[in-house]
Amino acid sequence: MAYLRSSFVFFLLAFVTYTYAATIEVRNNCPYTVWAASTPIGGGRRLDRGQTWVINAPRGTKMARIWGRTNCNFDGAGRGSCQTGDCGGVLQCTGWGKPPNTLAEYALDQFSNLDFWDISLVDGFNIPMTFAPTNPSGGKCHAIHCTANINGECPGSLRVPGGCNNPCTTFGGQQYCCTQGPCGPTDLSRFFKQRCPDAYSYPQDDPTSTFTCPSGSTNYRVVFCPNGVTSPNFPLEMPASDEEAK
């Protein structure tokens, strides 16, 4: 009987190990509430200051993104709106957020047995962020940051309530969005790159903005407002509603 129990426990551990490639811990250190969003897994979660949310990411997860929504107000059914990062007026996101929103992007257990991950400002900026492996191993497997006061310094042409849009969102076209083939940085994309050199500043900013870790070697952590206190130019929360993420 003991053998059967131990075999069953081993099976469960092996199943969990096989199923989940990594856990992603999302933490809010901002002095205001952030409504975290995660697709294609996770959905959404309200995070008051100091709260965390752990997402179990399966092997093969790709095109995944995590972002923070600000100035949200949801009813008990999880319907409402957010000033930045809104995903169709629902708490539990199934699609991408409306710019501007700082993105943590990742794909797990991809070619060459690597996890690929980055911070992207291609959808603009709303909240400072770090994205880090919990077990860094050197090379391109280390913490990355975007913690500059981009909202406070945002060019007037890109400034919107609660954030700073990327020029691709604002102006569109090949020059800013690389819609018809290769393109390079512009003066406006350099504004983002100079302040957050780890992050994507335009769609083809790959060489300095993509990071990798050996698959299965580490979990990951995303922190909103890693320095704890943000500039007054960052948004303050709206009055809390009665909703709570399930």
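Glycine is no exception: its Cβ is also placed from the backbone N, Cα and C atoms.
These figures come from a predicted structure and were not determined experimentally.
According to Swiss-Prot, C82 forms a disulfide bond with C72, chosen from C72, C93. Neighbours of C93 (disulfide bond), defined as other CB atoms within 10 A of its CB across all chains, total 23. Between C154 (disulfide bond) and C196 (disulfide bond), the C-alpha separation comes to 13 Å. Rounded to the nearest whole angstrom, the C-alpha distance between C177 (disulfide bond) and C183 (disulfide bond) is 8. Take the Cα of C168 (disulfide bond) and measure to each of the disulfide-bonded residues C30, C82, C87, C93: the nearest one is C87.
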